[in-house]
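All remarks here apply to the structure that follows.
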Amino acid sequence: MSLDPDFAAALQSRSIELDEEVAQRLQSYVLAMWRWNEQLNLTRHTTWDLFVGRDLRDCLQLAPLLSPGEEVLDLGSGNGVPGIPLAILRDDLDVSLAESVAKRAKVLSEMIDELGLPVPVYASRGEDLLDDFRFSTLVCRAVGSVAKLCRWIEPHWTNIDRMLLIKGPRWVEERNEARHLGLMNELQMRKVASYPLGDEPPSDDRPAADEADSDADADSDSSSDQGVIIQIWPKGRVLTVGN
Ligand SMILES: C[S@@+](CC[C@H](N)C(=O)[O-])C[C@H]1O[C@@H](n2cnc3c(N)ncnc32)[C@H](O)[C@@H]1O
């Protein structure tokens, strides 16, 4: 299958260079996802420009933050972002997907089978999986606030090393809320990637990125048009993954 000219153009306009086989596999994923999207509400990013400018952009920022061979859990995978593109971009990783809505988990399994990826899909709440499984990094986009995720993961820190959360400009508010609630007392947080959101209009399917952060100007770590990836891990823990 040749690369769709609109996909190629969307990559080129952002100066994104991908290995041809990787681009082909990403295209197969997106076409499968859009096909399922006609039956099930999986995404509103139904053009190549939106896929590249929003979904792939986040995954390309996330990929280099993971160490070789890491066991990664995508909590709240939904349409497969970031887990599936991550597994395609970094085939050395051991990626698993957790999706709590059974119908979506089933579709994720179908897509994974079609793509021939070695990625287990769990029809389960991600935090519940951590009762029985260990992962080095939990990744997550557009599932819940920092406070919510910290609460979910609080009893499970022995079974993950760190979280990498893909967030939008409101991450500072979310961080402050988590601190205010005392949820960060035993945790540390570091911004490990920051990148322009570019031409992105407000989006309400990306709750963390839907409007400018009013605190942003007061915080040198933040800007109203930046996407960020934040790393959260327990105080005192020396991470052997990431950098
Ligand atoms: C808004 S979608 C985001 C999908 C995808 N991560 C993205 O960035 O486009 C959130 C998904 O997380 C799932 N979800 C919510 N809480 C969850 C949990 N605790 N464990 C696993 N899945 C969860 C929902 O069913 C939904 O499919």
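Glycine is no exception: its Cβ is also placed from the backbone N, Cα and C atoms.
Its Cβ taken as reference, GLY76 (S-adenosyl-L-methionine binding site) is surrounded by 21 other Cβ atoms within 10 Å in the chains shown. Look at GLY76 (S-adenosyl-L-methionine binding site): DSSP puts it in coil. The annotation S-adenosyl-L-methionine binding site is assigned in TrEMBL to GLY76, GLY126, GLU127, ARG141.
Annotation source TrEMBL lists compositional bias 'Acidic residues' at 210-222.
Taken from TrEMBL, the feature region 'Disordered' covers 195-229.
Other than the site residues GLY76, GLY126, GLU127, ARG141, same-chain residues with C-beta atoms no more than 8 angstroms from the centre of those residues' C-beta atoms, the S-adenosyl-L-methionine site, are LEU73, ASP74, LEU75, SER77, ALA98, ARG125, LEU138, CYS140, VAL143, GLY144, LEU149, TRP152. Of all the Cβ atoms in the protein chains shown, 27 others lie within 10 Å of the Cβ of ARG141 (S-adenosyl-L-methionine binding site).
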